[in-house]
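These come from Swiss-Prot:
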type	residues	note
BINDING	Thr152, Ser153, Asn292, Thr293, Tyr294, Gly295, Pro296, Thr297, Asp383, Tyr394, Asn395, Gly396, Arg397, Lys492	ATP binding site
BINDING	Asp197, Val301, Lys492	D-alanine binding site
Amino acid sequence: MKLLEQIEKWAVETPDQTAFVWRDAKITYKQLKEDSDALAHWISSEYPDDRSPIMVYGHMQPEMIINFLGCVKAGHAYIPVDLSIPADRVQRIAESSGAKLLLSGAEVTVTDLPVRITSEDNLKDIFFTHKGNTPNPEHAVKGDENFYIIYTSGSTGNPKGVQITYNCLVSFTKWTVEDFNLQTGQVFLNQAPFSFDLSVMDIYPSLVTGGTLWAIDKDMIARPKDLFASLEQSDIQVWTSTPSFAEMCLMEASFSESMLPNMKTFLFCGEVLPNEVARKLIERFPKAAIMNTYGPTEATVAVTGIHVTEEVLDQYKSLPVGYCKSDCRLLIMKEDGTIAPDGEKGEIVIVGPSVSVGYLGSPELTEKVFTMIDGERAYKTGDAGYVENGLLFYNGRLDFQIKLHGYRMELEEIEHHLRACSYVEGAVVVPIKKGEKYDYLLAVVVPGEHSFEKEFKLTSAIKKELNERLPNYMIPRKFMYHSSIPMTPNGKVDRKKLLSEVTA
């Protein structure tokens with residue numbers, strides 16, 4: 001598959017087909033090509049001998065998709081940065097990535113960034129001034145060059161830039177379209193922010209098949225009335241989201257085949273799909289296929305998939321995450337470094353062309369988890385699991401990195417920022433489960449000196465500081481105050497004891 005050529009052919013074959021919809025804004029395939037060509041031409045003229053990544057800032061604006069394609073046509077990887085990401089984190093991404101340019105689809109509220117900022121109005125001028133100019137196709141990202149870089153949580157307090165190459169993305173997109181039987185011209189739900197790699201599961205499968213991306217933004221999700229009004233208008237046929245989002249939608253009785261009569265495929269990734277959620281979806285959408293997938297950001301979104309049928313639901317209380325894509329393979333590694341036999345738990349290791357080339361500018365971190373096996377790139381996921389008859393079963397994290405509502409995070413990073421807060425002497429973050437999956441984060445805090453009379457006021461002050469450093473989804477929901485952190489006999493934090501206090 002030639003990814004960019006495949007997207008561009010729709011500008012010729014179906015130029016007036018809508019490529020992307022967000023509220024009242026939409027772009028056609030013709031506009032997508034013209035504007036991304038104009039932008040790529042401008043980037044190449046401004047940065048002729050430069051291949052540094054480009055930050056793309058915004059939320060669900062159509063310009064985001066134009067900017068992504070404009071970057072890669074000019075030979076630059078893009079770094080998606082959502083509006084919800086705090087200023088401090090945006091600053092660290094800008095500094096660590098070596099980016100020289102930021103393209104914005106919305107007002108940039110972060111100050112003193114060490115990059116050139118191209119505003120929304122600047123972009124409109126570029127689209128107009130450079131209209132009709134086409135970039136040199138030889139300059140476009142290809143092969144093992146980076147296509148996008150997504151920043152994920154890092155245990156040192158600094159986010160890690162996962163480098164995904166053109167070849168990685170082609171392998172993923174081809175597999176998604178073929179294995180999940182996606183058709184030409186379908187409407188895809190775009191629920192995940194672009195800085196979350198789940199969004200890649202809808203963006204590129206939609207664009208290469210001439211589909212329409214129907215974007216749902218965070219304000220709609222916060223107002224269910226607006227959300228369901230948008231869904232009713234959408235005629236979505238391919239649903240891509242975390243299971244949690246679908247579970248939230250199922251609380252609305254009208255969320256069913258009557259609302260979305262042409263629904264064909266549900267693609268789930270990012271967290272555990274509970275058996276009962278899949279069962280309800282089959283009841284509400286009997287003609288749709290429910291697909292459960294698994295994969296870390298470091299292996300390009302997902303590498304396994306399974307069609308969840310009623311037979312699968314009856315057979316497995318905890319659902320399998322699927323069979324590996326044909327160009328990759330899974331190894332289950334025991335602690336001694338040997339490969340575990342069928343049915344035995346160990347660390348999931350992914351081998352093949354889906355695997356990232358590593359973390360941008362972090363060779364030491366890269367060496368810890370990326371390796372070569374039989375001449376192919378391999379990634380040690382840190383996830384526990386086992387394989388039985390070719391089916392992968394996921395058993396949570398081996399360390400303290402978790403998935404919460406689809407977002408991956410390292411508890412150590414949250415603890416790092418908690419301990420840096422003014423009123424905190426010590427802190428531990430404990431993830432609290434509800435059923436099979438994590439429901440919220442609890443912060444256990446040893447407070448420093450303060451003058452607050454009530455604990456809730458202290459909590460508000462700590463949360464205010466955290467809001468300046470971390471995305472909202474990484475901020476603990478509940479706080480508990482202790483005079484000291486309990487320890488195990490071998491000197492480690494006694495997380496089990498803390499957990500028992502909460503669940504008692």
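Yeah, the Cβs are placed from backbone N, Cα and C, and that goes for glycine too.
DSSP assigns Asp197 (D-alanine binding site) to a helical segment in the three-state reduction. The binding-site residues under consideration are Asp197, Asp383. Their Cβ neighbour counts within 10 Å are lowest for Asp383.
Summary for the binding-site residues Thr152, Asn292, Asn395: the Cβ-based neighbour count within 10 Å is maximal at Asn292.
Of the listed binding-site residues, namely Tyr294, Pro296, Val301, Arg397, the sparsest Cβ surroundings within 10 Å are found at Arg397. DSSP assigns Pro296 (ATP binding site) to coil in the three-state reduction, outside any helix or strand. Pro296 (ATP binding site) and Asp197 (D-alanine binding site) have their C-alpha atoms 9 Å apart, to the nearest angstrom.
Across the structure, Thr152 (ATP binding site) and Asp197 (D-alanine binding site) place their CA atoms 10 angstrom apart. Val301 (D-alanine binding site) and Asn292 (ATP binding site) are 13 Å apart (CA-CA, integer value).
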